[in-house]
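*Asks:* What TrEMBL records for this protein is below:
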type: BINDING; residues: THR97, GLU126; note: substrate binding site
type: BINDING; residues: ARG240, LYS265, VAL266; note: ATP binding site
type: DOMAIN; residues: 323-395; note: domain 'ACT'
type: DOMAIN; residues: 401-468; note: domain 'ACT'
Amino acid sequence: MIVMKFGGTLMGGASAIARSASLVARTTAAGTKVAVAVSAMSGVTDTLLGVASRAEQGDLGGALADIASLRARHLEAASQLGAGATSDVARELRELTDTLQQTVTGVGLLRELSARSRDLIVSFGERLSAPLMALALEGIGVRAHHLSGGAAGLVTNRDFGNARPLPQAYSRLRERLGGLIGVGLTPVVSGFIGETPEGVVTTLGRGGTDYTATILGAALGAQEVWTWKDVDGVMSADPRSVPDARNLEHLSYAEVMELAYFGAKVLHPLAVTPLQDAEIPLRVKSAADPAFPGTLVTKDAKTDAAHPVKAVTAIRGLSVLTVGGAGMVGVPDVVSQIFEVLARENIPVQMISQGSSQANVSLVVGRTVAAHATRVLEEALQGSGLVKAYEVEENVAIVAVVGEGMRGQRGVAARLFSALASANVNLLMIAQGSSELNISLAIEEADVDAAVRAAHAAFELGKVPQEV
Ligand SMILES: Nc1ncnc2c1ncn2[C@@H]1O[C@H](COP(=O)(O)OP(=O)(O)O)[C@@H](O)[C@H]1O
Ligand SMILES: N[C@@H](CC(=O)OP(=O)(O)O)C(=O)O
(Lines of atoms letter the chains of each structure in order from A and count residues from 1; the text may use other names and numbers.)
(Lines give C-alpha, C1' and ligand atoms only; values in the text may rest on other atoms or scores of the structure.)
(Ligands and ions follow the chains in the order given, each with its own letter.)
Protein backbone atom coordinates (compact mmCIF):
# COMPACT_ATOMS: atom_id res chain seq x y z
CA MET A 1 0.00 0.00 0.00
CA ILE A 2 1.08 3.56 -0.74
CA VAL A 3 0.19 6.80 1.05
CA MET A 4 -0.19 9.79 -1.29
CA LYS A 5 -0.17 13.46 -0.35
CA PHE A 6 -1.64 16.29 -2.42
CA GLY A 7 -0.82 19.87 -1.42
CA GLY A 8 -2.75 23.09 -1.93
CA THR A 9 -1.69 23.66 -5.53
CA LEU A 10 -2.75 20.15 -6.55
CA MET A 11 -6.07 20.74 -4.74
CA GLY A 12 -6.45 24.24 -6.22
CA GLY A 13 -9.75 23.78 -8.09
CA ALA A 14 -11.96 21.17 -9.71
CA SER A 15 -9.61 20.37 -12.58
CA ALA A 16 -6.53 20.15 -10.33
CA ILE A 17 -8.43 17.86 -7.93
CA ALA A 18 -9.66 15.68 -10.81
CA ARG A 19 -6.11 15.35 -12.08
CA SER A 20 -4.85 14.48 -8.58
CA ALA A 21 -7.61 11.87 -8.24
CA SER A 22 -6.46 10.33 -11.52
CA LEU A 23 -2.97 9.89 -10.01
CA VAL A 24 -4.53 7.87 -7.19
CA ALA A 25 -6.60 5.85 -9.67
CA ARG A 26 -3.52 4.89 -11.72
CA THR A 27 -2.14 3.13 -8.65
CA THR A 28 -5.36 1.56 -7.39
CA ALA A 29 -6.05 0.29 -10.92
CA ALA A 30 -2.72 -1.54 -10.77
CA GLY A 31 -3.94 -3.34 -7.66
CA THR A 32 -2.05 -1.32 -5.02
CA LYS A 33 -4.09 0.12 -2.17
CA VAL A 34 -3.77 3.83 -1.48
CA ALA A 35 -4.50 6.11 1.49
CA VAL A 36 -4.67 9.82 0.67
CA ALA A 37 -3.83 12.94 2.73
CA VAL A 38 -4.96 16.29 1.31
CA SER A 39 -4.20 19.92 2.04
CA ALA A 40 -6.65 22.81 1.86
CA MET A 41 -7.27 24.34 -1.57
CA SER A 42 -4.43 26.76 -2.44
CA GLY A 43 -4.54 29.99 -0.44
CA VAL A 44 -7.31 28.79 1.89
CA THR A 45 -5.12 28.39 4.99
CA ASP A 46 -3.85 31.95 4.59
CA THR A 47 -7.42 33.20 4.05
CA LEU A 48 -8.54 31.44 7.23
CA LEU A 49 -5.66 32.91 9.24
CA GLY A 50 -6.76 36.31 7.91
CA VAL A 51 -10.37 35.55 8.87
CA ALA A 52 -9.28 34.70 12.41
CA SER A 53 -7.29 37.89 12.89
CA ARG A 54 -9.98 40.09 11.28
CA ALA A 55 -12.52 38.66 13.71
CA GLU A 56 -10.16 39.27 16.62
CA GLN A 57 -9.74 42.89 15.54
CA GLY A 58 -13.51 43.33 15.35
CA ASP A 59 -13.91 43.31 11.56
CA LEU A 60 -16.57 40.63 11.64
CA GLY A 61 -18.16 41.84 8.40
CA GLY A 62 -14.91 41.34 6.51
CA ALA A 63 -14.33 37.93 8.09
CA LEU A 64 -17.83 36.70 7.20
CA ALA A 65 -17.46 37.98 3.62
CA ASP A 66 -14.28 35.91 3.28
CA ILE A 67 -16.12 32.84 4.58
CA ALA A 68 -18.88 33.43 2.02
CA SER A 69 -16.33 33.40 -0.80
CA LEU A 70 -14.68 30.26 0.60
CA ARG A 71 -18.10 28.58 0.62
CA ALA A 72 -18.76 29.68 -2.98
CA ARG A 73 -15.34 28.43 -4.14
CA HIS A 74 -15.83 24.98 -2.60
CA LEU A 75 -19.42 24.64 -3.81
CA GLU A 76 -18.36 25.60 -7.30
CA ALA A 77 -15.58 23.00 -7.30
CA ALA A 78 -18.08 20.40 -6.03
CA SER A 79 -20.52 21.29 -8.77
CA GLN A 80 -17.81 21.06 -11.43
CA LEU A 81 -16.93 17.64 -10.05
CA GLY A 82 -20.55 16.60 -10.58
CA ALA A 83 -22.20 17.19 -7.18
CA GLY A 84 -25.47 19.11 -7.55
CA ALA A 85 -26.76 21.68 -5.07
CA THR A 86 -28.80 19.04 -3.22
CA SER A 87 -26.03 16.44 -3.08
CA ASP A 88 -24.57 15.12 0.17
CA VAL A 89 -21.25 16.79 -0.55
CA ALA A 90 -22.86 20.21 -1.14
CA ARG A 91 -24.84 19.79 2.09
CA GLU A 92 -21.69 18.87 4.01
CA LEU A 93 -19.79 21.88 2.61
CA ARG A 94 -22.66 24.18 3.63
CA GLU A 95 -22.79 22.69 7.12
CA LEU A 96 -19.05 23.06 7.57
CA THR A 97 -19.06 26.70 6.47
CA ASP A 98 -22.04 27.37 8.77
CA THR A 99 -20.07 25.99 11.71
CA LEU A 100 -17.04 28.03 10.66
CA GLN A 101 -19.22 31.13 10.55
CA GLN A 102 -20.49 30.49 14.09
CA THR A 103 -16.96 29.92 15.40
CA VAL A 104 -15.68 33.12 13.81
CA THR A 105 -18.69 35.09 15.05
CA GLY A 106 -17.82 33.96 18.58
CA VAL A 107 -14.25 35.19 18.17
CA GLY A 108 -15.53 38.46 16.67
CA LEU A 109 -17.92 39.12 19.56
CA LEU A 110 -15.34 38.34 22.22
CA ARG A 111 -12.50 39.92 20.24
CA GLU A 112 -10.35 37.21 21.69
CA LEU A 113 -8.40 34.66 19.67
CA SER A 114 -6.58 31.87 21.49
CA ALA A 115 -4.13 29.51 19.79
CA ARG A 116 -6.80 26.89 20.28
CA SER A 117 -9.50 28.83 18.44
CA ARG A 118 -7.07 29.76 15.69
CA ASP A 119 -6.38 26.05 15.11
CA LEU A 120 -10.09 25.31 15.02
CA ILE A 121 -10.71 28.05 12.44
CA VAL A 122 -7.77 27.09 10.26
CA SER A 123 -8.73 23.38 10.34
CA PHE A 124 -11.75 24.09 8.13
CA GLY A 125 -9.49 24.38 5.07
CA GLU A 126 -8.65 20.68 5.12
CA ARG A 127 -12.09 19.68 6.35
CA LEU A 128 -13.57 21.38 3.28
CA SER A 129 -11.11 19.97 0.76
CA ALA A 130 -11.24 16.27 1.73
CA PRO A 131 -14.89 15.80 0.59
CA LEU A 132 -13.90 17.22 -2.81
CA MET A 133 -11.12 14.67 -3.28
CA ALA A 134 -13.41 11.83 -2.22
CA LEU A 135 -16.00 13.10 -4.69
CA ALA A 136 -13.46 13.22 -7.52
CA LEU A 137 -12.30 9.69 -6.71
CA GLU A 138 -15.85 8.33 -6.63
CA GLY A 139 -16.44 10.06 -9.98
CA ILE A 140 -13.76 7.91 -11.61
CA GLY A 141 -14.80 4.70 -9.95
CA VAL A 142 -12.50 4.67 -6.90
CA ARG A 143 -14.64 4.02 -3.80
CA ALA A 144 -13.50 6.57 -1.23
CA HIS A 145 -14.32 7.74 2.28
CA HIS A 146 -13.15 11.07 3.69
CA LEU A 147 -12.46 11.87 7.32
CA SER A 148 -10.80 14.56 9.41
CA GLY A 149 -7.40 13.94 10.98
CA GLY A 150 -9.01 13.44 14.38
CA ALA A 151 -11.68 11.07 13.09
CA ALA A 152 -8.95 9.07 11.34
CA GLY A 153 -7.23 8.61 14.72
CA LEU A 154 -4.50 11.25 14.59
CA VAL A 155 -4.40 12.13 18.28
CA THR A 156 -1.90 14.81 19.24
CA ASN A 157 -0.59 16.75 22.21
CA ARG A 158 -2.06 20.19 23.00
CA ASP A 159 0.68 22.22 21.38
CA PHE A 160 -1.71 24.29 19.25
CA GLY A 161 -0.22 25.42 15.95
CA ASN A 162 2.63 22.96 16.30
CA ALA A 163 1.03 19.75 17.58
CA ARG A 164 2.81 16.38 17.59
CA PRO A 165 1.25 12.93 17.33
CA LEU A 166 0.91 10.92 20.54
CA PRO A 167 2.20 7.33 20.48
CA GLN A 168 -1.35 5.93 20.42
CA ALA A 169 -2.06 7.80 17.16
CA TYR A 170 -0.33 5.06 15.22
CA SER A 171 -2.45 2.19 16.51
CA ARG A 172 -5.67 4.20 16.19
CA LEU A 173 -4.90 5.20 12.62
CA ARG A 174 -4.04 1.61 11.79
CA GLU A 175 -7.29 0.39 13.28
CA ARG A 176 -9.59 2.98 11.70
CA LEU A 177 -8.00 3.36 8.29
CA GLY A 178 -7.11 -0.33 8.10
CA GLY A 179 -10.81 -1.07 8.57
CA LEU A 180 -11.76 1.15 5.63
CA ILE A 181 -9.02 -0.22 3.41
CA GLY A 182 -10.06 -3.75 4.36
CA VAL A 183 -13.51 -3.20 2.89
CA GLY A 184 -12.12 -1.82 -0.35
CA LEU A 185 -12.35 1.92 0.38
CA THR A 186 -9.66 4.52 -0.25
CA PRO A 187 -9.44 6.74 2.85
CA VAL A 188 -9.06 10.47 2.19
CA VAL A 189 -7.74 12.13 5.34
CA SER A 190 -7.75 15.90 5.95
CA GLY A 191 -4.05 16.70 6.30
CA PHE A 192 -2.45 19.16 8.72
CA ILE A 193 -5.01 18.61 11.49
CA GLY A 194 -5.34 16.32 14.46
CA GLU A 195 -7.22 16.20 17.74
CA THR A 196 -6.25 15.97 21.39
CA PRO A 197 -7.48 12.86 23.26
CA GLU A 198 -10.35 15.10 24.49
CA GLY A 199 -11.37 15.87 20.91
CA VAL A 200 -10.01 19.43 20.66
CA VAL A 201 -8.78 20.24 17.13
CA THR A 202 -5.04 20.92 16.68
CA THR A 203 -2.77 21.68 13.71
CA LEU A 204 0.67 20.27 12.94
CA GLY A 205 2.32 23.50 11.70
CA ARG A 206 2.49 25.03 8.24
CA GLY A 207 3.03 22.49 5.51
CA GLY A 208 1.71 19.86 7.94
CA THR A 209 0.00 17.67 5.37
CA ASP A 210 3.39 16.17 4.44
CA TYR A 211 3.65 15.20 8.09
CA THR A 212 0.13 13.73 8.15
CA ALA A 213 1.04 11.59 5.13
CA THR A 214 4.17 10.18 6.74
CA ILE A 215 2.36 9.53 10.04
CA LEU A 216 -0.22 7.58 8.01
CA GLY A 217 2.60 5.80 6.18
CA ALA A 218 4.18 4.65 9.44
CA ALA A 219 0.81 3.68 10.97
CA LEU A 220 -0.21 1.62 7.95
CA GLY A 221 3.23 0.14 7.31
CA ALA A 222 3.15 1.57 3.78
CA GLN A 223 5.57 0.40 1.12
CA GLU A 224 6.29 4.04 0.29
CA VAL A 225 4.88 7.53 0.91
CA TRP A 226 4.53 9.72 -2.19
CA THR A 227 4.20 13.48 -1.86
CA TRP A 228 3.03 14.81 -5.22
CA LYS A 229 4.34 18.30 -6.02
CA ASP A 230 4.29 20.97 -8.68
CA VAL A 231 8.08 20.54 -9.04
CA ASP A 232 10.10 17.55 -10.31
CA GLY A 233 11.11 16.56 -6.78
CA VAL A 234 13.44 18.01 -4.17
CA MET A 235 15.78 20.22 -6.15
CA SER A 236 19.29 21.58 -5.65
CA ALA A 237 17.68 24.97 -4.83
CA ASP A 238 14.27 26.60 -5.01
CA PRO A 239 13.62 26.67 -8.77
CA ARG A 240 11.84 30.00 -8.32
CA SER A 241 15.09 31.70 -7.42
CA VAL A 242 17.63 29.50 -9.23
CA PRO A 243 16.65 28.77 -12.83
CA ASP A 244 19.20 25.98 -13.33
CA ALA A 245 18.24 24.10 -10.13
CA ARG A 246 18.25 20.36 -10.77
CA ASN A 247 16.21 17.49 -9.41
CA LEU A 248 18.02 15.38 -6.80
CA GLU A 249 17.49 11.69 -7.45
CA HIS A 250 18.32 10.61 -3.94
CA LEU A 251 18.59 12.11 -0.47
CA SER A 252 18.91 10.65 3.01
CA TYR A 253 16.30 11.32 5.72
CA ALA A 254 18.89 13.47 7.50
CA GLU A 255 19.62 15.53 4.39
CA VAL A 256 15.98 16.18 3.63
CA MET A 257 15.29 17.21 7.23
CA GLU A 258 18.19 19.62 7.14
CA LEU A 259 16.99 21.09 3.84
CA ALA A 260 13.47 21.55 5.13
CA TYR A 261 14.70 23.01 8.42
CA PHE A 262 16.80 25.54 6.52
CA GLY A 263 13.92 26.74 4.41
CA ALA A 264 13.29 24.39 1.45
CA LYS A 265 9.50 24.81 1.38
CA VAL A 266 9.10 21.52 -0.41
CA LEU A 267 8.58 19.43 2.78
CA HIS A 268 7.60 19.90 6.43
CA PRO A 269 10.81 19.70 8.53
CA LEU A 270 9.52 16.76 10.57
CA ALA A 271 7.96 14.94 7.64
CA VAL A 272 10.46 12.10 7.46
CA THR A 273 10.66 11.45 11.21
CA PRO A 274 7.79 8.94 11.37
CA LEU A 275 9.37 6.94 8.51
CA GLN A 276 12.81 6.48 9.99
CA ASP A 277 12.29 3.54 12.34
CA ALA A 278 10.59 1.32 9.79
CA GLU A 279 12.83 2.73 7.02
CA ILE A 280 9.85 3.50 4.80
CA PRO A 281 11.01 5.36 1.68
CA LEU A 282 9.56 8.76 0.82
CA ARG A 283 9.24 9.81 -2.81
CA VAL A 284 8.73 13.40 -3.83
CA LYS A 285 7.06 13.18 -7.22
CA SER A 286 6.07 15.50 -10.02
CA ALA A 287 2.31 15.64 -10.59
CA ALA A 288 2.96 17.00 -14.08
CA ASP A 289 5.17 14.04 -15.02
CA PRO A 290 4.12 10.98 -13.00
CA ALA A 291 6.50 8.67 -14.85
CA PHE A 292 9.51 10.73 -13.67
CA PRO A 293 11.05 9.11 -10.58
CA GLY A 294 11.38 12.41 -8.64
CA THR A 295 13.42 12.25 -5.43
CA LEU A 296 13.75 9.09 -3.40
CA VAL A 297 14.46 9.64 0.30
CA THR A 298 15.83 6.72 2.32
CA LYS A 299 18.02 6.10 5.36
CA ASP A 300 21.34 5.94 3.56
CA ALA A 301 23.16 8.85 2.01
CA LYS A 302 24.65 8.50 -1.44
CA THR A 303 27.68 10.69 -1.32
CA ASP A 304 30.12 11.51 -4.03
CA ALA A 305 33.42 13.11 -3.08
CA ALA A 306 33.31 15.46 -6.06
CA HIS A 307 29.93 16.85 -4.95
CA PRO A 308 29.96 17.21 -1.16
CA VAL A 309 27.10 19.72 -1.22
CA LYS A 310 23.74 18.67 -2.64
CA ALA A 311 21.55 21.71 -2.22
CA VAL A 312 21.33 25.34 -1.16
CA THR A 313 18.41 26.75 0.79
CA ALA A 314 17.35 30.06 2.27
CA ILE A 315 15.09 31.34 5.04
CA ARG A 316 13.95 34.94 4.70
CA GLY A 317 12.20 37.21 7.18
CA LEU A 318 14.62 36.95 10.12
CA SER A 319 16.31 39.26 12.61
CA VAL A 320 19.58 38.99 14.54
CA LEU A 321 19.30 39.72 18.22
CA THR A 322 22.58 40.42 20.01
CA VAL A 323 22.76 40.29 23.79
CA GLY A 324 25.98 41.63 25.20
CA GLY A 325 27.95 43.18 28.00
CA ALA A 326 31.46 42.75 29.37
CA GLY A 327 29.91 41.34 32.56
CA MET A 328 28.87 38.23 30.68
CA VAL A 329 32.43 36.97 30.27
CA GLY A 330 32.88 33.73 32.16
CA VAL A 331 29.29 33.66 33.43
CA PRO A 332 27.79 30.61 31.76
CA ASP A 333 24.50 31.14 33.56
CA VAL A 334 23.56 34.07 31.36
CA VAL A 335 23.64 32.00 28.22
CA SER A 336 21.55 29.20 29.71
CA GLN A 337 19.09 31.79 31.01
CA ILE A 338 18.75 33.29 27.55
CA PHE A 339 17.77 29.92 26.10
CA GLU A 340 15.45 29.10 28.96
CA VAL A 341 13.53 32.34 28.52
CA LEU A 342 13.19 31.88 24.76
CA ALA A 343 12.11 28.26 25.14
CA ARG A 344 9.51 29.20 27.75
CA GLU A 345 8.09 31.79 25.36
CA ASN A 346 8.08 29.28 22.49
CA ILE A 347 10.37 31.45 20.37
CA PRO A 348 12.34 29.29 17.94
CA VAL A 349 16.01 30.20 17.53
CA GLN A 350 17.26 29.48 14.01
CA MET A 351 20.95 30.03 14.62
CA ILE A 352 23.30 30.96 17.48
CA SER A 353 26.77 32.36 17.70
CA GLN A 354 28.82 33.34 20.69
CA GLY A 355 31.83 35.58 20.27
CA SER A 356 35.07 33.96 21.46
CA SER A 357 35.40 36.76 24.06
CA GLN A 358 32.06 35.46 25.45
CA ALA A 359 30.94 39.08 25.78
CA ASN A 360 28.01 38.65 23.48
CA VAL A 361 25.62 36.10 22.06
CA SER A 362 23.85 36.55 18.73
CA LEU A 363 20.61 34.75 18.00
CA VAL A 364 18.68 34.57 14.77
CA VAL A 365 14.92 34.61 15.29
CA GLY A 366 11.87 35.30 13.10
CA ARG A 367 11.36 39.00 12.38
CA THR A 368 7.82 38.91 13.69
CA VAL A 369 8.93 37.65 17.11
CA ALA A 370 12.14 39.70 17.47
CA ALA A 371 10.56 42.56 19.44
CA HIS A 372 8.83 40.13 21.79
CA ALA A 373 12.07 38.17 22.24
CA THR A 374 13.97 41.35 23.13
CA ARG A 375 11.33 42.37 25.64
CA VAL A 376 11.26 39.05 27.48
CA LEU A 377 15.06 38.87 27.57
CA GLU A 378 15.32 42.38 28.94
CA GLU A 379 12.79 41.56 31.63
CA ALA A 380 14.51 38.34 32.59
CA LEU A 381 18.07 39.64 32.61
CA GLN A 382 17.68 43.14 34.00
CA GLY A 383 18.42 42.04 37.54
CA SER A 384 21.71 40.38 36.58
CA GLY A 385 23.48 43.68 35.87
CA LEU A 386 25.71 41.76 33.48
CA VAL A 387 23.95 42.47 30.25
CA LYS A 388 24.16 45.95 28.88
CA ALA A 389 23.14 45.88 25.28
CA TYR A 390 20.36 44.48 23.19
CA GLU A 391 20.71 45.06 19.51
CA VAL A 392 18.29 44.01 16.83
CA GLU A 393 19.29 43.84 13.21
CA GLU A 394 16.36 43.41 10.86
CA ASN A 395 16.11 42.19 7.28
CA VAL A 396 18.28 39.17 7.80
CA ALA A 397 18.17 35.80 6.05
CA ILE A 398 19.92 32.48 6.44
CA VAL A 399 21.49 30.68 3.52
CA ALA A 400 22.58 27.08 4.06
CA VAL A 401 24.38 24.44 2.04
CA VAL A 402 23.50 20.83 2.83
CA GLY A 403 24.94 17.42 2.04
CA GLU A 404 26.21 14.37 3.95
CA GLY A 405 29.29 14.36 1.69
CA MET A 406 30.54 17.48 3.50
CA ARG A 407 31.40 15.42 6.55
CA GLY A 408 35.16 15.30 6.97
CA GLN A 409 35.80 17.03 3.64
CA ARG A 410 38.18 19.95 3.71
CA GLY A 411 37.73 23.09 1.66
CA VAL A 412 33.93 23.20 1.54
CA ALA A 413 33.66 26.30 3.73
CA ALA A 414 36.49 28.01 1.88
CA ARG A 415 34.77 27.38 -1.43
CA LEU A 416 31.52 28.78 -0.09
CA PHE A 417 33.06 31.88 1.47
CA SER A 418 35.07 32.76 -1.61
CA ALA A 419 31.99 32.38 -3.86
CA LEU A 420 30.02 34.68 -1.58
CA ALA A 421 32.85 37.20 -1.36
CA SER A 422 32.99 37.32 -5.17
CA ALA A 423 29.24 37.95 -5.21
CA ASN A 424 29.73 40.82 -2.72
CA VAL A 425 27.70 39.15 0.00
CA ASN A 426 28.41 40.36 3.51
CA LEU A 427 28.39 37.57 6.16
CA LEU A 428 26.83 38.43 9.51
CA MET A 429 27.13 35.05 11.22
CA ILE A 430 28.50 31.62 10.40
CA ALA A 431 27.59 28.24 11.89
CA GLN A 432 28.22 24.61 11.11
CA GLY A 433 25.97 21.88 12.44
CA SER A 434 27.87 19.43 14.65
CA SER A 435 26.82 16.62 12.31
CA GLU A 436 28.70 18.47 9.54
CA LEU A 437 25.65 18.13 7.34
CA ASN A 438 25.30 21.84 6.77
CA ILE A 439 27.00 25.19 6.86
CA SER A 440 24.62 28.04 7.53
CA LEU A 441 25.24 31.75 7.16
CA ALA A 442 23.25 34.76 8.27
CA ILE A 443 23.34 37.49 5.63
CA GLU A 444 21.39 40.61 4.70
CA GLU A 445 18.06 39.69 3.19
CA ALA A 446 18.68 41.81 0.10
CA ASP A 447 21.61 39.50 -0.79
CA VAL A 448 19.69 36.19 -0.67
CA ASP A 449 19.20 35.57 -4.37
CA ALA A 450 22.80 36.52 -5.20
CA ALA A 451 24.11 34.32 -2.37
CA VAL A 452 22.01 31.29 -3.30
CA ARG A 453 22.98 31.54 -6.95
CA ALA A 454 26.67 32.02 -6.11
CA ALA A 455 26.70 28.97 -3.81
CA HIS A 456 24.75 26.93 -6.36
CA ALA A 457 27.31 27.78 -9.03
CA ALA A 458 30.34 27.28 -6.76
CA PHE A 459 29.34 23.69 -5.99
CA GLU A 460 28.28 23.04 -9.60
CA LEU A 461 24.82 22.01 -8.48
CA GLY A 462 23.25 22.81 -11.84
CA LYS A 463 25.33 20.10 -13.53
CA VAL A 464 24.26 16.49 -13.62
CA PRO A 465 26.90 14.56 -11.64
CA GLN A 466 29.19 12.33 -13.73
CA GLU A 467 28.31 8.64 -13.60
CA VAL A 468 30.64 6.85 -11.18
N1 LIG B 1 14.85 22.66 -2.82
C2 LIG B 1 13.62 22.74 -3.31
N3 LIG B 1 13.16 21.79 -4.15
C4 LIG B 1 11.92 21.84 -4.65
N5 LIG B 1 11.06 22.83 -4.39
C6 LIG B 1 11.44 23.81 -3.58
C7 LIG B 1 12.73 23.81 -2.99
N8 LIG B 1 12.82 24.90 -2.21
C9 LIG B 1 11.66 25.54 -2.29
N10 LIG B 1 10.81 24.90 -3.12
C11 LIG B 1 9.44 25.35 -3.43
O12 LIG B 1 8.52 24.48 -2.83
C13 LIG B 1 7.35 24.44 -3.62
C14 LIG B 1 6.60 23.14 -3.37
O15 LIG B 1 6.18 23.15 -2.06
P16 LIG B 1 4.66 23.38 -1.67
O17 LIG B 1 4.05 24.33 -2.63
O18 LIG B 1 4.56 23.64 -0.22
O19 LIG B 1 4.16 21.95 -1.95
P20 LIG B 1 2.69 21.48 -1.89
O21 LIG B 1 2.16 21.66 -3.28
O22 LIG B 1 2.82 20.05 -1.51
O23 LIG B 1 1.97 22.31 -0.90
C24 LIG B 1 7.83 24.57 -5.04
O25 LIG B 1 6.90 25.25 -5.84
C26 LIG B 1 9.15 25.30 -4.92
O27 LIG B 1 9.09 26.63 -5.42
N1 LIG C 1 -2.83 23.91 4.45
C2 LIG C 1 -1.70 23.82 5.34
C3 LIG C 1 -1.06 22.47 5.29
C4 LIG C 1 -0.28 22.14 4.07
O5 LIG C 1 0.47 21.21 4.08
O6 LIG C 1 -0.43 22.88 2.96
P7 LIG C 1 0.46 22.72 1.57
O8 LIG C 1 0.65 21.25 1.31
O9 LIG C 1 -0.38 23.39 0.52
O10 LIG C 1 1.77 23.41 1.78
C11 LIG C 1 -0.73 24.97 5.10
O12 LIG C 1 -0.98 25.80 4.23
O13 LIG C 1 0.25 25.07 5.79
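Cβ atoms are placed via backbone N, Cα and C, with glycine included.
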*Asks:* Quick one: give me the count of other CB atoms within 10 A of the CB of ARG240 (ATP binding site).
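*Replies:* The Cβ of ARG240 (ATP binding site) has 10 Cβ neighbours within 10 Å.
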*Asks:* For a quick check of packing: other C-beta atoms within 10 Å of the C-beta of GLU126 (substrate binding site), how many?
*Replies:* 28
*Asks:* Which binding-site residues, if any, among THR97, GLU126, ARG240 have a Cβ under 6 Å from ligand 1, given in order along the chain?
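*Replies:* ARG240, in sequence order.
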*Asks:* Around the ATP site formed by ARG240, LYS265, VAL266, list the extra residues of the same chain whose Cβ is within 8 Å of the site's Cβ centroid.
*Replies:* VAL231, ASP238, PRO239, ALA264
*Asks:* Between VAL266 (ATP binding site) and THR97 (substrate binding site), find the distance joining the two CA atoms and give it rounded to the nearest Å.
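*Replies:* That comes out at 29 Å between the alpha carbons.
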*Asks:* Could you tell me which of the binding-site residues THR97, ARG240, LYS265, VAL266 have their C-beta within a distance under 6 angstroms of some atom of ligand 2?
*Replies:* none
*Asks:* Between LYS265 (ATP binding site) and GLU126 (substrate binding site), what C-alpha distance do you get in Å?
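*Replies:* Cα-Cα, rounded: 19 Å.
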*Asks:* Please give me the CB contact count at 10 A for VAL266 (ATP binding site), counting all chains in the structure.
*Replies:* 24
*Asks:* Please work out the mean pLDDT for the residues of the domain 'ACT' (401-468).
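*Replies:* The predicted confidence over the domain 'ACT' (401-468), as a mean pLDDT, is 90.
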*Asks:* Summarise the domain 'ACT' (323-395) as counts of helix, strand and coil residues per DSSP.
*Replies:* 34 helix, 20 strand, 19 coil
*Asks:* In Å, how large is the greatest distance between any two Cα atoms among ARG240, LYS265, VAL266, the listed binders of ATP?
*Replies:* 12
*Asks:* Which secondary structure state does DSSP assign to GLU126 (substrate binding site), in the simple three-class scheme?
*Replies:* helix
*Asks:* Can you grab the distance from ARG240 (ATP binding site) over to THR97 (substrate binding site)? Cα atoms, rounded to a whole Å.
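*Replies:* If we compare the Cα positions of ARG240 (ATP binding site) and THR97 (substrate binding site), the gap is 34 Å.
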